[in-house]
Every structure is written in structure tokens, then in C-alpha cells.
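Peer 1: Below is a structure I'd like to ask you about.
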Amino acid sequence: MADFIGAVDQGTTSTRFMVFDHDGTEVARHQLEHEQILPRAGWVEHNPLEIWERTETVIGSALTRAGLRPSDLGAIGITNQRETTVAWDRHTGRPYANAIVWQDTRTDAIAAALDRDGRGDVIRARAGLPPATYFAGGKVQWLLDHVDGLREAAEHGDAIVGTIDTWLVWNLTGGPDGGRHVTDVTNASRTMLMDLATLDWDEELLGFFGIPRAMLPTIHPSSDPEAYGCYRLGRRQGEIPVAGVLGDQHAAMVGQVCFEPGQAKNTYGTGNFVLLNTGHEPVRSSHGLLTTVAYQLGDTRPVYALEGSIAVTGSAVQWLRDQLGVISGASEIEALAGQVEDSGGMYFVPAFSGLFAPYWRSDARGAIVGMSRYNTNAHLARATLEAICYQSRDVIEAMVADSGVALDLLKVDGGVTQNTLCMQLQADVLGTTVVRPRVAETTALGAAYAAGLATGFWSGTDDLVANWQEDRRWEPTWSEQQRADGYAGWRKAVDRTLGWVDVG
Ligand SMILES: Nc1ncnc2c1ncn2[C@@H]1O[C@H](COP(=O)(O)OP(=O)(O)O)[C@@H](O)[C@H]1O
Ligand SMILES: O=P(O)(O)OC[C@H](O)CO
């Protein structure tokens with residue numbers, strides 16, 4: 001048996017390939033950023049061909065750097081930024097347009113219309129999602145409505161569509177030459193098109209968006225030795241089974257071994273995503289959370305989760321770097337924010353894509369409030385880190401309200417968790433212990449786990465639980481009064497951002 005499992009983590013900011021051994025220890029990695037295309041206010045696009053080219057490059061270079069051959073890998077898993085949507089020609093592999101990224105708000109009128117005539121409630125009940133620009137269904141409709149010839153091509157069976165997992169697996173497994181057109185249950189649960197009970201596309205939901213079923217991929221478990229085919233590397237290098245596919249937040253949940261109902265994780269990347277395992281039955285939220293498939297490992301029953309999705313957290317740090325020039329690298333924010341004791345009364349609500357959970361307000365836009373002449377860049381840096389933590393508190397409060405269970409420990413992962421000041425602020429803002437695992441790349445690890453479970457590299461989830469090790473923890477230091485006052489100010493700041501733009 002091969003000694004290692006690989007994982008592609010295709011994120012919003014970058015694409016990485018990582019290789020893990022049986023203990024879940026990283027043995028190789030390579031990562032490349034891709035362009036964020038911002039053609040108009042509210043639009044965010046990626047070039048699908050760039051993403052595919054970067055994926056092949058990072059796989060090849062990670063293996064070369066570590067002196068590994070493709071045959072050293074027993075399988076690979078794919079994990080991806082979710083909801084981001086690509087339509088392409090099945091005969092040529094040519095995308096019809098840039099991918100519409102999950103943060104893009106161009107479909108606000110489509111989403112608003114769904115709530116005017118009752119379709120929104122059907123989507124809530126069946127797909128577990130509130131109508132929003134975030135999800136893939138509206139993006140497919142937008143492409144069908146705006147790209148010349150796409151609807152006809154879809155009806156003739158020439159045009160196909162998918163989220164980034166689908167795009168990558170199709171290319172990895174041969175592209176126009178027999179590539180598999182597939183997705184997994186977790187990615188499909190982010191479309192507004194899948195019934196959470198049947199785990200299949202729902203004809204009525206497809207009808208709401210005018211989407212021909214034939215252009216959609218087939219849906220499979222997240223861990224499956226057959227469904228996803230093999231990465232074909234060329235005659236002399238052979239092929240590697242693609243045996244696991246799951247959305248990045250679901251993969252992080254698997255990587256954090258949140259296999260028991262009541263266990264939760266918070267991933268801090270471009271956005272933040274808190275997922276709470278709710279077991280084998282989907283739980284409906286009455287506090288603005290999503291119901292989603294957490295994972296389905298092989299033929300076992302799916303496990304569901306409640307999710308609090310936050311659109312802008314790490315990308316607010318990027319905004320300080322790229323648009324304002326306040327820092328020249330993301331990691332510099334920690335030293336800058338550390339120059340001051342607090343944010344000097346300043347709050348920054350980075351509602352650049354409206355507000356996601358628990359508010360779901362596409363009419364919100366970003367605001368910095370509470371400023372006086374006293375404030376400096378250091379206060380802004382601190383307010384940015386606090387915004388990450390307060391937004392996480394918003395969704396965790398909703399989770400506690402929905403489940404009735406208090407969270408006494410929060411497992412964290414993702415790029416921002418390298419920022420120790422931010423993690424201390426998170427413990428203070430929540431009044432909860434925050435714990436980071438030894439392998440911070442839990443997203444890639446979770447995809448590797450899904451692939452390795454399918455191929456027998458790991459024999460079951462107990463193997464994975466045994467691999468999880470704590471790296472560092474942060475305990476709350478603020479008084480209850482400080483915590484309450486800080487959060488009250490945040491809620492006031494959020495109010496100021498609502499109703500800023502007219503929608504639909
Ligand atoms: N030291 C840091 N402090 C704060 N934010 C950081 C730090 N390092 C990286 N980030 C942010 O983390 C994000 C990248 O994290 P990552 O988990 O790779 O995200 P993604 O999977 O969304 O591409 C970027 O938005 C970046 O601004
Ligand atoms: O690319 P990430 O890690 O920020 O994750 C993006 C999410 O999957 C969007 O739903």
C-alpha cells in the first residue's frame with residue numbers, strides 16, 4: 001500500500017496541494033495565489049483556467065520538492081471554495097465566462113424575487129438555505145440569462161456547469177476526453193437546488209431558476225472509491241484515484257474530527273465558517289443559520305450541520321493590505337494592532353458583500369464608525385481583528401439559541417489563526433476557550449481523510465480522532481462587563497450598515 005494521501009485545497013485566495021502520512025502529519029506542500037478579478041462594485045470573479053493550471057502546478061511541484069512519485073500516493077482528495085460557479089463547454093473545456101465567486105452580489109435581484117412570491121420558503125424548507133446571492137443556483141441562472149448562447153448550448157447538452165470541485169474533477173479525470181461530471185453531497189447542498197432529504201437535485205427547485213437538469217453533475221458521497229475516477233497524469237506516470245470530495249468548510253470539520261453531535265469548529269480564511277455537527281437529522285434554524293450536509297463518508301447515512309457563514313474576515317485584512325496600503329503583508333496586522341490597547345472606540349463592519357449569517361441582509365454595506373481624530377491605523381487594524389471575532393460571536397450566539405447547548409470550547413483553524421492576538425481577542429469576545437490543533441491545515445487534512453477512508457488507508461474515524469493533537473489554547477481574560485460593553489457597541493455598529501443600498 002502507498003504511504004501517503006494527497007489533497008488539493010482550492011480556496012478563495014489560493015490553491016494548495018498537501019501530502020499527509022498515516023499520522024496526519026504533513027510531508028509536502030505547495031501553494032499558489034490566483035487573481036481576484038473585481039470588474040464592478042459587488043462583482044468577484046476567478047479565471048477557471050488559471051485555477052486549473054495552478055492546481056496541476058501545485059500537485060507537480062509539491063511532489064517534486066518532497067522527492068515523491070505519484071505512485072507514493074494511495075489517493076487524492078479534493079476540497080474547494082464552495083458556491084463559486086463555472087459553466088463550460090464539455091467538448092473543448094472552454095469556460096463560457098469567469099467563475100462567479102461566492103462573495104459576488106450580482107444576483108441580488110434574483111435572490112430578492114424568490115422571497116416575494118413564496119419560492120423562498122420552499123427553498124428554506126427543502127434545501128435548508130435562505131435565498132441569498134451567496135449560493136450557486138442564482139449564479140447558474142445569471143449565467144444562463146446573460147451569456148450569449150449558453151441556454152441553447154445547455155439545452156443541446158453541450159454546456160455543463162458545476163462548482164469548483166466539479167470543474168477540477170472533470171479536468172483531473174480527462175476533461176473533454178472522458179472527464180467525470182460529478183459533485184459531492186456537501187457541495188451540492190450549497191446550491192439551493194438539492195433536497196436535503198433525498199440528496200438529489202429537486203425538479204421544482206431547478207424550475208425556480210430555469211436550470212436544465214442535464215447541465216448539472218451527478219451527486220455522490222464525500223468519500224467514494226469509484227465515483228470520482230482517477231487523476232490521469234500521462235502514460236509514464238500512471239494515475240491516482242480521486243476518492244474524496246467535499247466543500248472546504250465540511251473538510252475542515254472532518255479534519256477537526258468533529259464527528260459527534262454538539263462538536264463545532266470555526267475556520268478563519270477569506271471568510272469565517274462555524275459548523276456545528278447536529279447528527280443524522282437536518283436541524284432547521286430559527287436564528288439565521290444554514291442547514292447543510294456536514295459530510296457523507298461512503299454509504300453511511302449523511303451527517304448534517306448548522307452553519308454560520310461570514311463573508312468577510314481574512315479578506316478584510318487583505319483589504320487593509322491591497323486597497324488601503326495600511327500593511328504590506330497579512331501577518332503585519334498583528335504587530336500594528338498590538339501597538340494599542342483597544343480600538344479607541346472604533347468599530348469596522350466589513351459588510352462588503354452585504355451581511356451573511358445571522359443577518360442575511362444584502363442591503364448592508366461596510367462601515368467604520370465611532371471614529372474621532374484620536375484614531376490611527378493601529379486602531380483600524382485592531383478593529384479589523386475585533387470584527388472577525390464579533391462576527392464569529394454573532395453566529396455562535398445564534399447556534400446556542402438554536403441548539404440550546406452552550407459552547408465551552410471552540411476548535412479553530414485557517415490562515416487567520418496564525419494571528420495569536422486575534423485568537424486571544426476571540427477567547428475574550430466569546431468568553432470561551434479557543435483551541436488550535438497541531439495541523440492548522442485541517443481543510444486539506446479533511447479532504448485527505450475522506451480520500452483515505454474510501455481506499456482503506458485509514459480504517460475508520462477512530463483512526464482520525466487518534467491523530468488530532470492540540471497545539472495551543474487561549475483562555476478569556478476580559479471581565480464580563482468589558483465583554484458585554486464591547487458586544488453592545490458591535491451590535492450598534494452593525495445597525496448602522498443595514499439598508500444602505502436598494503436591492504431588487
Ligand atoms: N497573520 C495573519 N493575521 C490575520 N489574517 C491573516 C494572517 N495570515 C493570513 N491571514 C488572512 O487569512 C486569509 C488566508 O487564509 P486561508 O486559510 O489560506 O484562506 P482561504 O482558504 O480562504 O484562501 C487571507 O484572507 C489573509 O488575509
Ligand atoms: O476559500 P475559503 O476557505 O475562504 O472558503 C470559502 C467558503 O467555502 C465559501 O462558502
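Placed from the backbone N, Cα and C atoms, the Cβ positions cover glycine too.
Unlike curated records, TrEMBL annotations are generated automatically.
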Peer 1: The ADP site in TrEMBL includes T12, R16, G314, G415, N419. Which of T55, T57, T270, T461 is also listed there?
Peer 2: T270
Peer 1: Check TrEMBL: it lists R82, E83, D248, Q249 as binding glycerol. Then name which of Y134, Y295, Y304 it lists for that same site.
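Peer 2: Record check against TrEMBL: glycerol site with R82, E83, D248, Q249, extra candidate from Y134, Y295, Y304 is Y134.
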Peer 1: Would you count the other CB atoms within 10 A of the CB of G314 (ATP binding site), including those on all shown protein chains?
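Peer 2: I get 24 for this one.
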Peer 1: I need the least crowded one of these binding-site residues (T12, T13, Q249, T270), counting other C-beta atoms within 10 angstroms of each C-beta.
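Peer 2: Selected from the binding-site residues T12, T13, Q249, T270 on minimum Cβ neighbours within 10 Å: T13.
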Peer 1: Restricting the comparison to the binding-site residues T12, R16, T270, Q318, N419, which residue's C-alpha is spatially nearest the C-alpha of R82 (sn-glycerol 3-phosphate binding site)?
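Peer 2: Nearest by Cα distance to R82 (sn-glycerol 3-phosphate binding site): T12.
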Peer 1: Using a Cβ cut-off of under 6 Å to any atom of ligand 1, determine which of the binding-site residues R16, R82, E83, Y134, Q249 qualify.
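Peer 2: Result: none.
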Peer 1: For S14 (ATP binding site), which of the binding-site residues E83, Y134, D248, Q249, N419 has the nearest Cα in space?
Peer 2: D248
Peer 1: Should we count any of the binding-site residues S14, Y134, D248, T270, N419 as near ligand 2, judged by a CB under 6 A from one of its atoms, and which?
Peer 2: D248, T270
Peer 1: G314 (ATP binding site): which of the binding-site residues Y134, Q249, N419 is the nearest Cα neighbour?
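Peer 2: Minimum Cα distance from G314 (ATP binding site) across Y134, Q249, N419 lands on N419.
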Peer 1: Sort the binding-site residues E83, D248, N419 by C-alpha distance from Q318 (ATP binding site) and give me just the closest.
Peer 2: N419
